[in-house]
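*Asks:* Dumping what TrEMBL says about this protein:
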DOMAIN    42-100  domain 'Chromo'
DOMAIN    184-242  domain 'Pre-SET'
BINDING   186, 188, 191, 196  Zn(2+) 1 binding site
BINDING   186, 197, 224, 228  Zn(2+) 2 binding site
BINDING   191, 224, 230, 234  Zn(2+) 3 binding site
DOMAIN    245-368  domain 'SET'
BINDING   256, 257, 258, 325, 326, 367, 404  S-adenosyl-L-methionine binding site
BINDING   328, 403, 405, 410  Zn(2+) 4 binding site
């Protein structure tokens, strides 16, 4: 095809080769950085290196959409990219100021060339920044809710997860059907005062006038469904509206891998997000659980509200909740929700704030969820295997994972 690269196989052809082919055929391809803007022009993608020659500063430039073989040294006076220059300087100083065996290295700005290790770090950081931006753009394209998703890593060189796929709702495994539409809906003129869906199910309306949850944990939420005559502004349609807050997936600095923080204030008892993933049978969950246990990590959530037939596995398929860490003093609480699918074996899982959460605060919930009518078989979401403190002694009946939540009430172990 002359207008795209659908015929290319990235795993068999290098990026440099693809870029050269595109430019030779005068083709644009956004996925590899070739746009109409830079097809015939040069645009700085990032800066790779630095040197001083005859008192003139030069930077090695990686041109956007051009292979590395076309990188060129350009004088500072020719570069009109203040943000990239600032990032280059910050990355250089961060690397030079890193501690090495407890001793800090003092930066020397009068060096006429950078050491190869410094330049290598700067390039890796630039590539990571680009990869995380692309991942952020992908997440925001796929989400179906109001809140934005940001991605941030100022801790290490870790990039996007390689085997994670963003989904907005449950993904049934082969052989499992989630099609179970509601058979009735309300005809209320005001669902807050009239006899509505919760009353038909024998429970109380879950929300107050401020859209905050008012029922105790363990009580199911029945929201209005597609058969109801009420509109989208109905006060009993909170979870189905999706996340309203802008959240940030960020790299934690205490060895817990990725985490999630809010960028705005969240009032107490407010809906924050759903927990979604692949719906599998409990038998399959047992099999996967053994594999996950060997790795020291699992994302299995048992849906045993009334039975234990199904489990949600968010290891490969999930949303932002995939990255939420555990805390023994959490600020999120789990509730099970029924909307169109009223099958009590398959509740939707919603996370509500237990207290006011300030901007920049990490979102957490208790993986053990003591007192709940269903259990969460999480061992260590978002934890790196190398950071686990696991006792593999044959005398132990189970693997115990050290908790790093840092809460005053920390129980010491995740399981």
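Every residue, even glycine, has its Cβ placed from backbone N, Cα and C.
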*Asks:* Would you report the average pLDDT that the model assigns to the domain 'Chromo' (42-100)?
*Replies:* 92
*Asks:* When the domain 'Pre-SET' (184-242) is classified with DSSP, how many of its residues are helical, how many are strand and how many are coil?
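*Replies:* Breakdown, helix to coil: 7 helix, 4 strand, 48 coil.
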*Asks:* Using a 10 angstroms cut-off on Cβ to Cβ distances, just flag whichever of 186, 188, 234, 410 is the loneliest among these binding-site residues.
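*Replies:* Ranked by other Cβ atoms within 10 Å, the binding-site residues 186, 188, 234, 410 bottom out at 410.
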*Asks:* Going by C-alpha positions, which of the binding-site residues (228, 234, 256, 326, 404) is nearest residue 410 (Zn(2+) 4 binding site)?
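*Replies:* If we rank 228, 234, 256, 326, 404 by Cα distance to residue 410 (Zn(2+) 4 binding site), first place goes to 404.
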*Asks:* I'd like to know which of these binding-site residues, 197, 405, is least surrounded, judged by other CB atoms within 10 A.
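*Replies:* Result for the binding-site residues 197, 405: minimum number of other Cβ atoms within 10 Å at 405.
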*Asks:* Quick check for the class: what is the C-alpha distance, in angstrom and rounded, between residue 405 (Zn(2+) 4 binding site) and residue 230 (Zn(2+) 3 binding site)?
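*Replies:* About 43 Å separate the Cα atoms of these two residues.
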*Asks:* If you draw a 10 Å sphere on the Cβ of residue 257 (S-adenosyl-L-methionine binding site), how many other Cβ atoms land inside?
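*Replies:* So the Cβ neighbour count for residue 257 (S-adenosyl-L-methionine binding site) comes to 21.
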*Asks:* Measuring Cα to Cα, how far is residue 328 (Zn(2+) 4 binding site) from residue 367 (S-adenosyl-L-methionine binding site) in Å?
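*Replies:* Approximately 8 Å lies between the Cα of residue 328 (Zn(2+) 4 binding site) and that of residue 367 (S-adenosyl-L-methionine binding site).
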*Asks:* Measure from the CA atom of residue 191 (Zn(2+) 1 binding site) to the CA atom of residue 258 (S-adenosyl-L-methionine binding site) and give the result in Å, rounded to a whole number.
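*Replies:* Cα to Cα, residue 258 (S-adenosyl-L-methionine binding site) and residue 191 (Zn(2+) 1 binding site) are separated by 40 Å.
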*Asks:* What's the CA-CA gap between residue 257 (S-adenosyl-L-methionine binding site) and residue 191 (Zn(2+) 1 binding site) in angstrom, rounded?
*Replies:* 43
*Asks:* What whole-number Å value do you get for the CA-CA distance of residue 188 (Zn(2+) 1 binding site) and residue 234 (Zn(2+) 3 binding site)?
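*Replies:* With the alpha carbons as reference points, the distance is 10 Å.
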*Asks:* What subset of the binding-site residues 197, 230, 403 lies within 10 angstroms of residue 326 (S-adenosyl-L-methionine binding site), using C-alpha positions?
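*Replies:* Checking each Cα against residue 326 (S-adenosyl-L-methionine binding site), the hits are 403.
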*Asks:* What Cα-Cα separation, expressed in whole Å, is found between residue 256 (S-adenosyl-L-methionine binding site) and residue 403 (Zn(2+) 4 binding site)?
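*Replies:* Checking the Cα atoms of residue 256 (S-adenosyl-L-methionine binding site) and residue 403 (Zn(2+) 4 binding site) gives a distance of 9 Å.
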*Asks:* Going by Cα-Cα distance, which of the binding-site residues (191, 196, 367, 403) sits nearest to residue 230 (Zn(2+) 3 binding site)?
*Replies:* 191
*Asks:* Which residues of the same chain, at least 6 positions away in sequence, have a Cβ lying under 8 Å from the Cβ of residue 403 (Zn(2+) 4 binding site)?
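*Replies:* Long-range Cβ contacts: 326, 328, 410, 411, 412, 413, 414.
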